[in-house]
Amino acid sequence: MAHSKKAYVEDYDSDLEPVYLENRNPRMPTVYLAKDHPLHPKVNPGTSYVYYTRPTQPQMRELLQAGEAMSRGEVDEEEGELSIEGMLELVPGDYLWTRNEFGSRKPEDDVSVSWVLSPEKRSEQTKARLDEARDMFMGPEDEITETSVRFERLKPTPKPVKTGTRCWTLGTSLEPNTNIEAPCANGKWKGQTTELHETTRAVVTASTSMAMEDMAHAPAEVQEVLKGEFERNGTAPLGSKDNYAYHTVQCNLAYAGTSMEGQMGRRYAGPHRDGKDCPGHYSTMIARSRLPRNYRPPRLILPGLGVYCNLFDFLGFTFQAMHDHLGTPPYPSPGTPSSPKAYRFALIHYTPERVAAAETRQRIGALPNIHAFLAPEMRSSGAERDIVRRLQTDSFANFLRDGPWIMQDEGYTNYVGRVCYLVIRYLLLQAPEPLQFELDPTTLAQAISYMKADGNRTTVDSWEMAPPVQEDPSNERNAKREECERRTKEHMFKHGSMIPHYFTKNAWIREEAKRRYGDSAASTSSASRVVDVEESLDADQTVEETMDAEPARSVVGKQPGTVEVDAEDGAGAATYNLRKRKRVDPVDNDIDSDDEVAEPSQHGQSGESRRVSKRRKRAVEHVDAGSTGDGSSAELLEEDSISPPWTKILVKKKPKGRKVAAPKPGGKFVELYIVVDALEEEVLDLRMELQAMADLEALDEDDEGTYEDIKDSLDGANEAIELGGTGPSALDGIGTIVKAGHKLSRYIGQEENRLRMMRMTLIRSQTAMRGW
């Protein structure tokens with residue numbers, strides 16, 4: 001590939017000055033030096049750099065493909081890792097911003113992409129705590145070998161993110177199929193405290209406190225929005241009572257001088273992007289490696305943006321991990337012998353999108369024979385007045401029991417107080433409306449006390465942004481929550497529209513960009529503004545062909561030069577196995593932001609059922625809505641937020657001769673309760689979707705008849721349920737809802753509405769099917 005010594009945008013703004021980087025790849029964005037950037041925090045003096053982003057589908061797709069190509073770029077012959085030639089090194093005090101070409105182009109509206117915090121900005125206390133935690137993790141020096149450290153030899157054996165890797169989730173984990181969030185498996189408490197608990201808590205608390213020092217140097221707007229979102233959702237403060245920015249942490253360990261990819265897997269150390277991260281949050285990488293002198297420090301590279309950072313001890317590198325990135329291991333300098341005790345010890349703090357949006361089900365505790373959850377509707381100001389589903393309990397991790405091992409006492413007790421508030425509020429929502437129940441968070445906080453370590457009893461803090469029970473526009477807490485929600489939505493658009501991966505995978509953000517910036521954002525040509533660059537594409541491949549090419553997909557281990565890409569992320573990332581009536585996640589677990597491997601006790605003998613081979617999307621997908629087989633030959637329906645509008649969904653009729661499982665004798669009341677409960681909720685949700693679309697969507701004349709037919713069919717299903725239909729009638733009701741949902745998605749719903757309705761129909765109907 002050709003390289004250029006100079007590349008720049010002709011009409012850059014007057015506050016910027018081009019930075020010329022020798023041999024910089026022309027597909028990397030041009031970097032500009034910002035003079036006195038107004039958003040650069042005064043507490044972290046340094047240099048601000050800016051690059052331009054054009055939020056249009058063609059350019060975003062080009063940037064996405066360029067990032068993948070750069071990740072597979074030239075390899076440094078001496079180190080055997082990705083070459084950094086032509087890239088910009090970010091050093092302590094540096095900030096990288098991106099500017100929207102279609103926006104105001106004022107520096108006040110720039111979006112922060114990454115920043116670097118110097119070790120000198122750390123407090124001596126946090127440094128000492130991290131050193132102590134690392135030594136507890138690694139063990140005595142004479143017990144460290146190339147193949148294991150103390151943490152890996154503890155009992156019970158710590159569970160890595162993926163078998164065969166040296167990466168461990170130490171904070172919370174999110175089960176993809178069930179959408180359940182809870183402390184990770186390594187923090188489970190089974191009646192007595194173990195060394196695994198103590199080590200986990202030491203690493204999580206020390207590293208999170210240090211990561212919050214990095215967030216304290218974030219742009220002021222970022223801090224305000226994330227604090228408001230944390231308060232509004234009542235999120236558990238991981239690691240530190242002051243933590244509002246990171247919801248989980250992962251430890252990555254690699255023996256120095258060998259390929260990190262070989263120890264951590266290509267998915268975790270090789271080029272990748274964390275497609276399930278929140279676009280408005282950031283990931284912070286902190287390293288405290290155990291290295292002899294004359295070792296080159298590990299490095300983190302953002303190849304698509306053409307920047308990198310050397311991870312010196314205690315240095316913090318904060319970045320948006322939805323951009324392509326990869327890490328390189330430390331190496332001894334020439335002439336320095338390698339040491340069997342040299343290790344890269346790094347911690348990454350991040351926030352999954354579903355966790356940030358409070359869309360998960362938090363397993364908070366246990367009651368007799370059931371799990372206790374904080375469901376999304378319980379944390380929402382507009383919580384629906386429905387009954388929380390009762391679930392069976394067993395040895396699953398939960399926040400009330402296992403939270404102390406990943407939180408400080410004050411943060412944990414405040415979280416418990418908020419959980420109590422949300423549970424009580426949820427119960428009050430079910431009371432008759434004329435009684436107008438209300439709940440005072442200050443009074444409730446004063447009623448909940450706990451014993452501090454010094455032996456004194458104190459109360460939990462009051463929740464300033466607790467959602468009220470009654471909908472009162474004059475309520476001050478309501479006003480604060482609504483303002484936080486508004487700012488968060490704007491913040492997500494502002495940041496998400498600058499991230500190629502997120503922009504190309506989410507229809508809503510493209511529509512919003514088109515609405516704001518007009519037809520320019522919907523242009524089908526790139527209209528490149530880069531000049532004075534050498535040809536960077538093959539002669540046989542035009543720019544248009546590059547733009548229109550399908551995003552690259554590859555499988556780990558397929559070939560050494562490929563890149564693992566979360567091609568299925570976004571609104572269309574879900575795959576549904578209709579024979580088993582459950583949702584399956586097509587993406588393997590990620591090191592930084594993706595989910596933890598399924599535990600054998602929770603999902604059968606192994607987590608293999610979660611690994612589903614990716615299949616190319618077709619214009620027509622077949623759905624077997626009546627199969628009850630074992631699913632060994634099940635066909636998959638894949639949702640894609642950018643599927644063509646002519647995509648159809650066909651329902652295959654059940655083959656003749658296939659037997660349907662007969663209802664088991666006895667327990668008719670339980671069967672009736674399960675079926676009716678599932679169908680009632682299903683019909684209610686679909687009717688609400690139908691009404692919302694009727695209010696928002698302008699129906700064509702040809703669609704009005706179909707709309708009325710669907711509405712009638714739902715009314716009929718609802719009426720049948722109210723009359724107590726059971727047995728075959730109940731199963732027919734499920735079939736009616738499934739077919740109605742398909743019709744509705746074809747004639748009315750947009751791609752996101754279709755995905756949401758399919759998720760509700762398929763997952764919830766599974767509960768009713770189990771009753772037969």
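Glycine is no exception: its Cβ is also placed from the backbone N, Cα and C atoms.
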Original post:
TrEMBL lists region 'Disordered' for one of the ranges 157-178, 465-486; which is that range?
Top reply: 465-486
Subject >> Beyond the flanks of the region 'Disordered' (465-486) by at least 6 residues, Cβ under 8 Å >> reply: 225, 228-229, 231-232, 234, 379-383, 418, 421-422, 425, 428-429, 436-439, 441
Original post:
What are the DSSP helix, strand and coil residue counts for the compositional bias 'Basic and acidic residues' (474-486)?
Top reply: 11 helix, 0 strand, 2 coil
